[in-house]
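Chemist: Among the features that TrEMBL reports, Mg(2+) binding site is placed at B:GLU68, B:ASP86, B:ILE88, B:ASP89, B:ASP213.
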Number of protein chains: 2
Amino acid sequence: MEITAIHEFTVKIIHEAGERIRQSLSEKLEIETKANANDLVTNIDRETELFFIEQIHAYDPAFKILGEEGMGEPLESLDGVVWIIDPIDGTMNFIRQHRNFAISIGIYVDGIGKLGYIYDVMRNDLYYAVEGQGAYMNDRQLERLQSLPLHEAIIGINATWVTPNRYIDHNKIIDLVHHVRGTRSYGSATLEIASVVCGRMDAYMSMRLSPWDIAGGAVIANEVGAIVSNLGNEAINLEEQDTFIIANPKIHKTIIEQYVHLK
Amino acid sequence: MEITAIHEFTVKIIHEAGERIRQSLSEKLEIETKANANDLVTNIDRETELFFIEQIHAYDPAFKILGEEGMGEPLESLDGVVWIIDPIDGTMNFIRQHRNFAISIGIYVDGIGKLGYIYDVMRNDLYYAVEGQGAYMNDRQLERLQSLPLHEAIIGINATWVTPNRYIDHNKIIDLVHHVRGTRSYGSATLEIASVVCGRMDAYMSMRLSPWDIAGGAVIANEVGAIVSNLGNEAINLEEQDTFIIANPKIHKTIIEQYVHLK
């Protein structure tokens, strides 16, 4: 696989998709619900995923595609070249805020992350990495994360996980919230992951993320020394929904061991 | 007081201050703690407040100034023309993220809000209002807020208030978090207030805000029909720290009556 050519192609189609999404904001969105009333999808999510599928298959029909909106073929394994795509992460922000949403793409070969992208569409900020070649935000190389104590950390966590829930003991998360310097919640997993790889936050965790939420970010994370895993400290799962944490290496283990009690 | 002239002057000094802050990001910040380890201030907060005081007193020495960093004279009352200024709201974001912080100014005459400003420094977005003349984000007039049911609302609330605390019964806030469509937390009260006046969020609440956090936003809120009060549903207090809520008029009363139990 010619990594450089694919990287240039991916940057090009991400910017094209971003421009289409920005133009769509002046039109009326068609909004539908998916699994529940708070899980929304728009015609633009679907059109963007279709745009990517068409472009990618025109480039190489052998590429496999796993997309949030399920418009690619069913994925039976991670063998070969697999593109894992979220056309719009943060759909609720897209609908309500017209900002704070992102395109995310991870390109994996036989399950190994080779290229990762998170594109903040309205800020026009592209976070990306090529395996072994460092990570970038636009044309600026990202530094490896510097260590810091947990009590100085800013943690991305949705308020839901601080309330009783079926995944973890929320009382331990209350302890975590009290211990750290601050918490944030942006409503877009990929933009929260992007904040961690840039050192703007020091960890982000969620009880329920899908492969397309984390595939791009995980490649970028590796290049800056951020640790990604599920909340059981196992490798991330790119075939199904799971818990997730990305953290500064200094605090990853402490958060999992001292503050995460999975049910 | 010549409102139009003061408005033009205020826009000019806000943009000048913003440019100085953006330039400061390439220099090393001097960081100190204030009331506690998580309450930070930098040399740039202080220099920006001093810049505003000098500019405003050069314009009219009779103007009184209440600033977060306390570099104006002690304020004995809200009589006359009072400028209430936060030179950098979201100092932790300023330090760690180099984004997601704002300048906020409210100009009050005998306690009545006449002009309000929130300036998102890194996005270069200015939210403002002149009493009775509508509210704007840059050159776009903001629409009056449209009503929506609470279960479709996005609420700005810090995770701290979902944990046991000395201000409110957090169990009721847990109920609120479960009832609404989503929550967000940006780490800057004024940018969260700006999100509500634009309709990007539907409410924002905090147990502990100061006059400079809310003075500018309250003027803007009035022009779009957002309701501001403390959590006891009393008028906001511009002389001391208090609880605070800004909300879409459809949900303001419901949140206070059904979900806020003050201790």
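Indices start at 1 and increase along the chain as displayed.
Here the Cβ of each residue, glycine as well, is placed from N, Cα and C on the backbone.
Since the structure is predicted, the reported quantities are computational estimates derived from the model, not experimental observations.
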Chemist: If you run the three-state DSSP split on B:ASP213 (Mg(2+) binding site), which class comes out?
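Modeler: SS state of B:ASP213 (Mg(2+) binding site) = helix.
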Chemist: Other Cβ atoms within 10 Å is the metric here; tell me which of the binding-site residues B:GLU68, B:ASP86 scores highest.
Modeler: B:ASP86
Chemist: Work through the binding-site residues one by one (B:ASP89, B:ASP213) and point out the residue whose CB has the fewest other CB atoms within 10 angstroms.
Modeler: B:ASP213
Chemist: Reduce the DSSP letter at B:ASP86 (Mg(2+) binding site) to three states and note it down.
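Modeler: Assignment for B:ASP86 (Mg(2+) binding site) reads strand.
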Chemist: Let's check the environment of B:ILE88 (Mg(2+) binding site): how many other CB atoms sit within 10 Å of its CB?
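Modeler: I count 26 other Cβ atoms within 10 Å of it.
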Chemist: Other residues with Cβ within 8 Å of the Cβ centroid of B:GLU68, B:ASP86, B:ILE88, B:ASP89, B:ASP213 at the Mg(2+) site?
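Modeler: Output for this site, in sequence order: B:ILE85, B:PRO87, B:GLY90, B:THR91, B:ALA102, B:ILE103, B:SER104, B:ALA189, B:THR190, B:SER210, B:TRP212.
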